[in-house]
């Protein structure tokens, strides 16, 4: 579960946050002003202070908020001056935007506010379409506007180049004031309420938010232009109303409700991607006509309300198509206010005790929840006060404080003048809360008493404060001091803290931060869960106060020294060893009772028949397992079936099984069993169980049996190979020392793969044992050292280091239409057209109703929505246009476009377990770890990654003890990246999203982020997709599946000289620490059909032959990722006799088999290198 924050404001205006992984409220130390209320989302928090102005607090991140400003310099050629800035009157500006319509000189760019700063000066972009340009960055064309090229031609009459400058948002983790200005000037009145949401309306632009605010006069304002590159927004726009509004609430989607002064509610309609502020209001009656509504809170599909009698109401029937709902349901409990957070979870503040309450049992099927439960955790100041109280109990037994404490009953005029602004803040806070939620009478009387007569303030005399070496001792009445502290004001002179001694600091801190007594709970005024990512499965430690337990544990730990603990452990271990030895010696003379054991497990399944017509056949399945006298275990699988009224069977030895794979199937619980022979044929034994539980039982049993027969126990080794299937299942293989032997390596089809719990999209590792993974939702995970998880339970799974893991992915379907001259675009196509609702290929019909999650383990978490983020762009309605099916699509309609399509997406979620822990908070798209030898000691371990937004990151603090590292270091780039790899000698190569390659220079242990990027030209007319760097080799895969090898790499010139084509139909490549090359290949010939997603090994890779000679096929298909960067087993060199010409030919010619074993390769070869499939 990602760590997120619940925000709250107490009645004294202090902002606190509670982490989902923490157990105490943390006060926002940067808050200078008191706040009335806040509204939080995951990336930031907005608030209204006591001065009625809006403030923004953007949470800091290892990836800074950067915005790229760009302008273009245009020139035209003339016979006299050659290319110059003397343009024609009809030409564009000399300095303009990309369209040439706006005048943009370099000195016309300014920072939006004081919260931004420039990273550097303007510089020329020398990258064009993924290829480097000339040194000055010019691109040429015939005229404005036209198609530009990087090469100058004889008819190039105009040219342009792009200038870039970056600005960075610097006001993170601090409250930045937002100007109260609209398009026509300052706003007429200050704000009284605020609500933030709308991030699910559209993913473009990135980080888009909707901010709604209510002024003191009841007007509603909408903040425009809030997104990732502009967190402050552009300006305020007034929204017309049917009446005066007192409070407003905005959900993550298109739900916006507000409360009128009369107690009625209004709903905003017409909120879309292109119109986030909506179009009209609809009035909804209050739940109780006699007691109007005073508060409303909305989420994705829920609306909660509070009436004047503090009753809580739930609105049923809410969805995107019916934002008004159908009726009110009264709920148990009395609340001052309600807030709906992520996943429609509900928070509230009780009317009785002003405590924060959480609504338990809220799920997608039961949105109203079950019961209220108080959030019972201390504040950070409470823990210090408890420690001070415990210290006071010790001092009362005869100990004394150092320094002299004196009481000052009346403040001087100088102190009032000196602390004038702070005093004004306190007075403003007193009046500010009158417009917000009501304050209990005891709090109001306390504030009134403070205003009339300030209580005594403890001031430490600087002249009598002793240093650590010469303490001053004096007796202090602690009970009286704490009495004064309990009623002390919120602000105290800060210069006193500088002169405090150690013991007085605790007392002073309590005076400064604790307006409550030691045993009093805080009184809350507002709570916001918009940034708190919890759900019904979240394990929270908020509901049982651990203060007493922590103090008891602390006192116990203080009484037991580490030396005593170590002595006790040693003594217990010796006693257990003696007992075990004594009991074993007493039974040595007995003979072994059982020399060999055999047991059988039987069941009924369905089998996908090997021969045509292929169909599911009912069979009986049996596993016979036996163990010998030496403890070795083995077994046989039997599959009994009837054919032509004759009983037959198939069998497979357990030690011949190479992998057990769960298979995606909409209607059956299916898994496949591979052996070496069936791996060659690409045709496994495919079985279907009656239930999911039965399938998991068989998989777990078979997996344990296979591992026992091969002597594999415990977690994977540091040298293991990791792979991921298209389904997201994770498999590991323990390599043999001869796996990379030359010329006779271990055949790939004989490698045994066993499953590890969890669900990931990719995994990367190294030989030191550091393993990272990335999920489909871009969440980063680190391997914990355990094994098992998922369906592997009991002996097949470790008892510790197993954690809950979630993953979210999108399921896509396409809506297709064809144009006709009568009705325009309709869903009536030609007989030869694809289905009007289909998958991406158009060969399979996929409608909203019949499309299901990938497997029964996945559950829908959202409704179908139009996907505007598809490559190629879309129009406002999400359509892409083309001349016909299938062809390339674009986002604008032309006269030649007769078909169109748009993609619909729906999110589904998987919850499982595995030896993985989340690495928050930045989502990643790629990760790489330096490959090294097993005996090498590299700390910290270099690890690089790319965020899902394309930012390049370097992980700091990665060691064997802390494989998750400590923090991210952002590495600046001029464009977003998509693939990265680090190899031997800290070689870092990366692929940008435009398909260009880059090399990072000067990366070392002293400079882990390097100094600059070097642009590497891509292969001709190819855009690269993925890169992998080994000890001395660099391989890349382009978007058409071509595998390329970088030639000419030397220590003095690590960028290399040129690219050489190796093979086609490659999906992924992984280069290991021995420069071994493994790939995931498509269109591999099997006995029945072509197989996609097959693991293949490059044979013949040697220092003098880094490109290898041919391919050996392994497990497949259905594989999506493999990494061999942990395998550093170097096979012993074998001196071979002279190779005969026939053997040499067999290694390079796929049409002639080798003398011992068939070495398969892709299609034809030239010069010993496969070039096509």
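Yeah, the Cβs are placed from backbone N, Cα and C, and that goes for glycine too.
What TrEMBL lists as domain 'Peroxin/Ferlin' is 64-125 (among others).
Feature annotation from TrEMBL assigns domain 'Peroxin/Ferlin' to 137-170 (among others). Residues in the domain 'Peroxin/Ferlin' (137-170) partition by DSSP class (helix H, G, I; strand E, B; coil) as 0 helix, 16 strand, 18 coil.
For 806-867 (among others), the entry in TrEMBL reads domain 'Peroxin/Ferlin'. Confidence across the domain 'Peroxin/Ferlin' (806-867), taken as the mean pLDDT and rounded to a whole number, stands at 91.
Within its own chain, the domain 'Peroxin/Ferlin' (878-911) has Cβ neighbours under 8 Å at 537, 728, 759, 804-819, 825, 833-834, 841-842, 848, 851, 853-854, 857-868, 870, 872, counting only residues six or more beyond its boundaries. TrEMBL lists 878-911 (among others) with the feature domain 'Peroxin/Ferlin'.
For 1137-1164, the entry in TrEMBL reads region 'Disordered'.
The feature compositional bias 'Low complexity' is assigned by TrEMBL to 1137-1150.
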The domain 'Peroxin/Ferlin' (878-911), counted residue by residue under DSSP: helix, strand, coil: 0 helix, 17 strand, 17 coil
